[in-house]
Amino acid sequence: MNILLTNDDGIEAEGINTLAELLSKYHDVIMVAPENQRSASSHSITIYEPIIVKQVKKPYNIEAYSISGTPADCVRVALDKLVPDNIDMVISGINKGLNIGNDILYSGTVSAAIEGAMYKVPSMAVSAQFIKNKKENYKIAAKYALRMLNRLKKEDLKNDVVLNLNIPFCSEEEIKGIKVCKVGNKIFNTRFSEEIDEEGNKVLKLEGDINKDIYEGTDVYYIRNKYVTLTPLHYDLTNFNILEETEQLFLS
């Protein structure tokens, strides 16, 4: 397959380069990624500033470009200007940290994949759980991404669906399997700590602890139980459950 590879951690991040090195052995890969760390940029795009594109050399034989914009910019610029028309799939990752539960709404990784789907290119986001002060398991995550990719044939790919793949932090032997599941609730209970600086201004820092109230059958639940999770996402945010009710309420 012809694959466009991007991320939100930046073009020099270990995750995207681990994935590129493995995928390029079996597929044609073009990397277009932010020049710097752009985590939690969600689906933001650059409007008021020019976007700078630089060609980057990689140790493995792939075409690579850094972009001064956001992850969503990377996909937009790539599909409009940099890559051929025959891209079969956009893959975003491997992200340093999970993208499950409500966190997907903040994720630049997931949003880059969604941008691909908005361009009618099938897409997948790949994220690996990160534990502070421990070595990331990008090689395991890359293996699972390749496994998912190899299960697909071009005719199987739906161009409006984003596959969200998350890999727990554990050894390959400890992984219990793969679960196709729905999005869960929030991972963390977040809050802001407050300090006062020398000039009397409030200084707020985001803090939080793990949310223990999780729902069975969700990505959050299965990740905590050492399963790889795969969730199909869609960019249509319509709440169909109350569409008719809303019409009756406001138009009747």
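Placed from the backbone N, Cα and C atoms, the Cβ positions cover glycine too.
Per Swiss-Prot, divalent metal cation binding site is recorded for ASP8, ASP9, SER39, ASN95. ASN95 (divalent metal cation binding site) is surrounded by 29 other CB atoms, counting those within 10 A of its CB over all protein chains shown.
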- Message: What is the set of residues, excluding ASP8, ASP9, SER39, ASN95, whose C-beta falls within 8 angstroms of the centroid of the C-beta atoms at the divalent metal cation site?
- Response: ASN7, GLY10, ALA13, GLY15, GLN37, ARG38, ALA40, PRO71, LYS96, GLY97, SER107, GLY108, THR109
- Starting from the Cβ of ASP8 (divalent metal cation binding site), draw a 10 Å sphere and report how many other Cβ atoms land inside it. 31
- Across all chains shown, how many C-beta atoms besides its own are within 10 angstroms of the C-beta of ASP9 (divalent metal cation binding site)? 23
